[in-house]
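Undergrad: Just lifted these from Swiss-Prot, have a look:
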- 25, 28, 49, 56: Zn(2+) 1 binding site (BINDING)
- 41, 44, 60, 66: Zn(2+) 2 binding site (BINDING)
- 153, 155, 236, 239: Zn(2+) 3 binding site (BINDING)
- 174, 177, 194, 207: Zn(2+) 4 binding site (BINDING)
- 186, 189, 211, 217: Zn(2+) 5 binding site (BINDING)
- 300-774: domain 'USP' (DOMAIN)
- 309: active site, nucleophile (ACT_SITE)
- 456: phosphoserine (MOD_RES)
- 576-617: domain 'UBA 1' (DOMAIN)
- 639-679: domain 'UBA 2' (DOMAIN)
- 730: active site, proton acceptor (ACT_SITE)
């Protein structure tokens, strides 16, 4: 039966730049591995689950009226262990190794006519073949993250224009050996040479590098990595870095090569690097006999996308909070079926993640593992969900979270909460369950006068006592501490350098931190990091947690202010005028107030600049108005990065120091460190946030915050970190779950979900702690 909808408008032949979501539904985690597979739209290449899922394919059709889809399903192949390996006759890197693991099934159909289409139809055949050969959306997502880190260089910008001559690529081989694969062409002289050996073997004999050593020609392009849209591997041997050539089309035309006629047939350097990361062992070693692999609701693992364990451990911890999980599930049930742009909508991807992690539908042993080990008494681990769409959306435009590098889980958690708050579509802002108000007291050591300031927060840094008890192989050994001891240390006064506004003493001051309100969920970050010079070193201090996980936080409650306290005066602002410029301007006949106003407007710079400003503003109606104190106050800068604040706190600075340093250094971390260290006499009080006055705060306090005592919390989750830096190493999450009617600790290590007998491993690795308030 013919279909009138089988047209070039409805059936598109995708090019290399097209993102193809052929692995899973864009609105939920139903995938090609589930019964019934998924429907891939052949017009825009977004996918939706069919009748056996949540019918998101029908949702997509109703929104777009794209009629032609192909149902994609796959079944794992059984591994034949005694099959001899295929003889290697040439260097070959296959684009999609999944073909070795799965049998794929494709059924094209028209949703309007409700018929199955002939897969041999020429238009369908071309579209399906191009779709199969294209890079999958999940891989393209990760490759983009790696490629975003590449830049150009002076050697590319200043590449000399050579006379055009033709380089023959037919049956091309290395000029110094017979290799025809992994060929690199010199962008100076056009010489063809093989590349260096690659991770895992193969690659070449390094003759491209030898060519650079012999000639000094710095740039080469990998021929079979070039695609018609200008994507190509460029390597600068002089910089010893992979680069981007924005003028690759012009540079290739110098050698008579039109890139529009080329096709990418080999893996790029980014793909090879990604492959190495994905094959790296991110998992823990074999667990002890007391451990048990778990499956079911709330016990779904997340596949490591390559340095994404910080994201996985954070999301597992967040979705272990009942209020957060219920909120996101409700939005999933109401919003995901009406969202117009699911692949770029944060709320849609959060809802998708909620259904994936909480429902238990996808928490089951790996099909391939079961097929290849049918007689094993030990169930294989889960395959794990791959949250690449969520990672793409949440990291969009961010210089760190938009890459495939390891990141700080605490920074990511605070960043994510801010992102959710800004993009919330619900009447209830679920991130308010983490909100609380902190009070800081500054006390002059000389005159004893005090100042109180308040600010809002969603996380508190825990001071970890550091008592050295020995050394093993150059590594310091520290005494065990409890969370209660950390709480006691956190509320102790910190002494700081300070010049008092009241008594003018430079004796210093103390600051103490307390909490004016307590959130439903309290996030604590253990400050295990020490600033040694400009190097941040992680300290392996064991932190013991209570077996029952119950803690009383009354000691953190801010006390009533004593009636007999004397207060420091409100800070006033003055400016040291450029007296020389003022005298010269007055000598020209300008009144003092005009001289000052000109210098204020021009940064208190010099006579000539101020004079030019005066001539341009002689008619300003307020030019003779006396200067108000408010005009001398520094302008508030709301762009201070919370991630940068947390990074500076890891160096051992206070939040107030971090904010002040970043304000003074245009949000640059290195300059902020220099500024703080070079201003020992600066008063680093935390300025009250707008609207944070206690009277205003109490009137508008969210229903989740509490000022009631006793303040009791239950430890719900621990994000643990192995490694020397929060931006490297490996993250896992320990979460308290109900297993067989009892509260047990469960380890979430990427896709591995196991019951653990103890928290011994979390002692020296605990980094972020999530507590639930017991009301």
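Placed from the backbone N, Cα and C atoms, the Cβ positions cover glycine too.
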Undergrad: Starting from each candidate's C-beta and looking 10 angstroms out, tell me which of the binding-site residues 41, 177, 194, 236, 239 has the most other C-beta atoms.
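TA: Counting every other Cβ within 10 Å of each candidate, the maximum falls on 194.
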Undergrad: Does residue 155 (Zn(2+) 3 binding site) have same-chain partners at least 6 apart in sequence with Cβ under 8 Å from its own Cβ, and which are they?
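TA: Non-local contacts for residue 155 (Zn(2+) 3 binding site): 218, 219, 236, 238, 239, 243.
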Undergrad: How many other Cβ atoms sit within 10 Å of the Cβ of residue 28 (Zn(2+) 1 binding site)?
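TA: Its Cβ has 26 other Cβ atoms within 10 Å.
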Undergrad: Counting Cβ neighbours within 10 Å across all chains shown, tell me which of the recorded positions 44, 153, 174, 309 comes out on top.
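TA: In terms of Cβ crowding, the pick is 309.
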Undergrad: Are there recorded positions among 177, 456, 730 that sit within 10 Å of residue 309 (active site, nucleophile), Cα to Cα? If so, list them; otherwise say none.
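TA: Checking each Cα against residue 309 (active site, nucleophile), the hits are 730.
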Undergrad: Determine which residues of this chain, when 25, 28, 49, 56 are set aside, have a Cβ within 8 Å of the centroid of the Zn(2+) 1 site's Cβ atoms, and list them as they appear in the sequence.
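TA: Surrounding the site, in chain order, are 24, 26, 27, 29, 30, 38, 47, 48, 53, 54, 55, 57.
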Undergrad: For residue 194 (Zn(2+) 4 binding site), which of the recorded positions 44, 60, 66, 217, 456 has the nearest Cα in space?
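TA: In terms of Cα distance, residue 194 (Zn(2+) 4 binding site) lies closest to 217.
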Undergrad: If you count Cβ atoms within 10 Å of each one, which of the recorded positions 211, 730 comes out on top?
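TA: Sorting the candidates by Cβ neighbours within 10 Å, the top entry is 211.
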Undergrad: What's the CA-CA gap between residue 44 (Zn(2+) 2 binding site) and residue 28 (Zn(2+) 1 binding site) in angstrom, rounded?
TA: 18
Undergrad: Around residue 60 (Zn(2+) 2 binding site), which residues of its chain at least 6 apart sit with Cβ under 8 Å of its Cβ?
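TA: Spatial neighbours, sequence-distant, of residue 60 (Zn(2+) 2 binding site): 39, 41, 46, 48, 66.
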Undergrad: Measuring Cα to Cα, tell me the gap between residue 211 (Zn(2+) 5 binding site) and residue 174 (Zn(2+) 4 binding site) in whole angstrom.
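TA: Checking the Cα atoms of residue 211 (Zn(2+) 5 binding site) and residue 174 (Zn(2+) 4 binding site) gives a distance of 11 Å.
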Undergrad: Compared by Cα position, which of the recorded positions 174, 177, 217, 730 is the closest one to residue 28 (Zn(2+) 1 binding site)?
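TA: Closest by Cα distance to residue 28 (Zn(2+) 1 binding site) among the recorded positions 174, 177, 217, 730: 730.
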Undergrad: Per DSSP, how many helix, strand and coil residues does the domain 'UBA 1' (576-617) have?
TA: 29 helix, 0 strand, 13 coil
Undergrad: Give me the mean pLDDT over the domain 'UBA 1' (576-617), rounded to a whole number.
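TA: A mean pLDDT of 82 is what the predicted model shows over the domain 'UBA 1' (576-617).
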Undergrad: For the recorded Zn(2+) 2 site, whose residues are 41, 44, 60, 66, find every other residue on that chain with a C-beta no more than 8 angstroms from the centre of their C-beta atoms, and list them by sequence position.
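TA: In sequence order, the nearby non-listed residues are 42, 43, 45, 46, 48, 61, 64, 69.
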Undergrad: Please report the Cα separation of residue 189 (Zn(2+) 5 binding site) and residue 25 (Zn(2+) 1 binding site) in Å, rounded to an integer.
TA: 48
Undergrad: Counting only residues 6+ apart in the same chain, whose Cβ is under 8 Å from the Cβ of residue 217 (Zn(2+) 5 binding site)?
TA: 186, 187, 188, 189, 191, 211
